[in-house]
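What follows is a set of notes on a single structure, which appears directly below.
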């Protein structure tokens, strides 16, 4: 088939002239789109600003629901990308963490609450804290090790050592944040179930002098005595608790108030080493 006049002219043009004509035609075809693109950018910016305002207001007015929704998203969303991208190593660690944490949450939400449950919950999340902290530090050191070129002395490829560092740092941050948030939810629920603690308002039970408000069990060791397994701690508000219970409440559960009267607790002044078994 013979080429038309316009196509024939294009064939006679040089490459630069041909490109110029094609560019002009494209410009004519999309004329007016610049204003539309500007409107789209403005809509995107306005949407991001409004969404940020809504999120901030949601967090300030309904902090518990905000934390719960974000925690569930952090827990579930990685599963999709893990399966899609075949990250089986992360899937295995995520699966083990999810199974054990689900069992711990199940135990923490039972009514009536077993007297052994609070310590089991705090021990598990303390273990997660220690492991995630150690893994994160090792990952950070591996990244610094690569950036300063020390991998050359050990004949390790830079991309290999950097990948290991980034992965370990991610694992440490991810499971550290997940463990912290789950521990906070469990500590609130357990203390409310026992009845000596209320998030907003008065506790449903009166605390006796020989009862620990965290686990609801009796205290057998006096404050001045040295216990065989654990000591008894007295806060500045004069309420007393089992040593591991109050450590779990303040450190693992991220609570800086008395579990019974909500008075502010200066943990650093009271305990020089919050984790004596470090």
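Every residue number used here counts from 1 along the chain in the order it is shown.
Cβ coordinates are placed from backbone N, Cα and C, and glycine is handled just like the others.
What TrEMBL records for this protein:
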type	residues	note
TRANSMEM	40-58	transmembrane segment
TRANSMEM	65-81	transmembrane segment
TRANSMEM	87-106	transmembrane segment
TRANSMEM	127-154	transmembrane segment
DOMAIN	212-262	domain 'RING-type'
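In the predicted model, residues of the domain 'RING-type' (212-262) average a pLDDT of 74. Outside the transmembrane segment (127-154), and at least 6 residues removed from its termini, the chain residues within Cβ reach (under 8 Å) are 97, 160-162, 164-176, 178-180, 252, 278. For the domain 'RING-type' (212-262), DSSP puts the residue distribution at 10 helix, 8 strand, 33 coil.
With a threshold of 8 Å between CB atoms, the same-chain residues lying at least 6 positions outside the transmembrane segment (40-58) that come near it are 65-66.
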